[in-house]
Amino acid sequence: MAAHDVNTADSTEDVRTIDQVVDVIATTAPEIRTGLPGRRVASEEENPSGETQMAADVFADVLLCERIGALDGVSEYASEERPESIDVGSGNLSVAVDPLDGSSNLKPNNTMGTIFAVYDAPLPAHGRDLVAAGYVLYGPVMTMIVARKGSVDEFVIYDDSSYELVREDVTLPDEGTVYGFGGRVPDWTEDFENFAREVEQDASRKLRYGGSMIGDVNQILSYGGIFSYPGLQSAPEGKLRVQFEGYPIGYILETAGGASSDGTQSLLDVDKDELHARTPVHIGNESLIDDLEAALD
Ligand SMILES: O=P(O)(O)OC[C@H]1O[C@](O)(COP(=O)(O)O)[C@@H](O)[C@@H]1O
Ligand SMILES: [Mg+2]
Ligand SMILES: [Mg+2]
């Protein structure tokens with residue numbers, strides 16, 4: 001389902017807090033990146049989803065928690081790396097973060113990201129409570145995508161923590177040319193596999209899957225197409241987490257004129273009230289998401 005009717009902040013104070021969150025993310029990203037070389041190893045701990053944390057996941061979480069938590073307008077901080085959300089003040093907004101998305105890509109030195117979601121409700125919040133969302137992509141260039149006030153902007157972040165707006169009002173190209181589907185193919189459902197085979201038949205499309213949602217999603221924003229991490233036979237809710245990954249990516253894609261789905265409805269309409277709940281994720285051009293929903297019906 002497409003939207004363009006995403007929720008946005010309407011008070012001056014919330015708008016200011018969102019700008020401050022964006023500033024913290026942008027100015028912390030170079031530090032996160034600089035801290036990566038010595039942290040490409042597993043820590044002793046598991047995160048609440050049962051995955052082994054990398055030292056870099058913990059490092060990025062601690063930095064972001066400290067800095068986002070210090071903002072007056074933020075009352076709660078949560079991340080993929082901690083079991084509960086924490087109270088950080090009495091502001092109006094809550095921030096949920098995936099400090100490093102795709103951290104299994106650290107070992108082979110491939111793309112990763114940092115995702116943030118700003119909600120005007122206590123955590124776990126609902127997709128319709130989102131008032132802004134965005135991500136940093138640690139690629140050859142550090143870029144940041146921000147969806148707020150009904151449009152999506154792209155920035156380049158420099159090593160000295162300055163950042164520059166390079167593209168305003170980012171929208172998906174009409175003709176989608178790339179696709180990327182997560183999960184082991186033998187673990188896909190029959191309906192999803194049939195859909196994937198249909199998508200592949202179009203000679204104008206090619207496979208691009210990197211194993212970091214942010215890298216894969218940014219290709220869809222750049223070239224159009226579809227990214228899915230579907231529900232699997234062994235894991236009907238898939239792998240990606242609603243609060244930290246599904247909602248913010250759905251919000252960004254819908255703000256950019258694309259569509260998002262859990263297989264039957266917009267990601268923003270998913271009802272899950274557990275902080276670390278998972279959901280199937282499908283994002284891309286509206287026509288492809290319509291076809292996906294028809295195929296999974
Ligand atoms: O290794 P797989 O099964 O392809 O999974 C890749 C997916 O897992 C993730 O890495 C999960 O995110 P985290 O690294 O934040 O746990 C996504 O970024 C990516 O889409
Ligand atoms: Mg992630
Ligand atoms: Mg992560």
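Keep in mind that glycine also has a Cβ here, set from the backbone N, Cα and C atoms.
Per TrEMBL, the feature domain 'Fructose-1-6-bisphosphatase class I N-terminal' maps to 43-158.
In the three-state DSSP classification, Glu80 (Mg(2+) 1 binding site) falls within coil. The feature Mg(2+) 1 binding site is assigned by TrEMBL to Glu80, Asp98, Leu100.
Under the heading Mg(2+) 2 binding site, TrEMBL lists Asp98, Asp101, Glu245. Just so you know, the Cβ of Glu245 (Mg(2+) 2 binding site) picks up 28 other Cβ atoms within 10 Å once every protein chain is counted.
Annotation source TrEMBL lists substrate binding site at Asp101, Gly102, Ser103, Ser104, Tyr209, Lys239. Taking Cβ-Cβ distances under 8 Å and a sequence gap of 6 or more within the same chain, the neighbours of Tyr209 (substrate binding site) are Gly180, Phe181, Gly182, Asp216.
The domain 'Fructose-1-6-bisphosphatase class 1 C-terminal' annotation in TrEMBL covers 172-296.
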Excluding its own, the Cβ atoms lying within 10 Å of the Cβ of Gly102 (substrate binding site) add up to 21
Those binding-site residues among Asp101, Ser103, Glu245 lining ligand 2, judged by a Cβ under 6 Å from any of its atoms, are Asp101, Glu245
